[in-house]
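Trainee: Sharing the record's features from TrEMBL:
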- ASN45, LYS46, GLN47, ASP48: GTP binding site (BINDING)
Amino acid sequence: MYVSRGLLLIFVVDSADHNRLPEAKKYLHRLIKINPIIPLVVFANKQDLKTAYHITDIHEALGLSDVGNDRTMFLFGTQVTENGSEIPSTMQDAKDLIAHLATHMQ
């Protein structure tokens, strides 16, 4: 219901949960089918874990090549800092990007 009226779609996936990536892919593609032009920002979380898939593996596992050439899409690898109080540079970049996209989509 909300995706059809949204300005952008933010999708977070657990990079270390390999068993649930097919389910995540299914739901992601179901969501983007509702609005074929909504910009997509994907956060591949838990990149600091040894079991985490690399960002290129996440791209493949989620079938991001199939989201369409007309869609603006970004994929960020994210993680919590060791003490949890700092904002990693990728998260600051993502925050700035989301603010920019939201401003220009209105």
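Cβ atoms here come from the backbone N, Cα and C positions, even for glycine.
In TrEMBL, annotation is done automatically, which means it is predicted and not curated.
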Trainee: Near LYS46 (GTP binding site), which residues of its own chain have a C-beta under 8 A away, given they sit six or more steps off in sequence?
Mentor: ASP14, SER15, ALA16, ALA52, THR78, GLN79
Trainee: Using the Cβ centroid of ASN45, LYS46, GLN47, ASP48 as the reference point for the GTP site, which residues of the same chain not in that list have Cβ within 8 Å?
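Mentor: Counting only non-site residues, the set is ASP14, SER15, ALA16, ALA44, LEU49, ALA52, GLY77, THR78, GLN79, VAL80.
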Trainee: Cβ-Cβ under 8 Å from ASN45 (GTP binding site), same chain, 6 or more residues apart: which ones?
Mentor: VAL12, VAL13, ASP14, SER15, THR78, GLN79
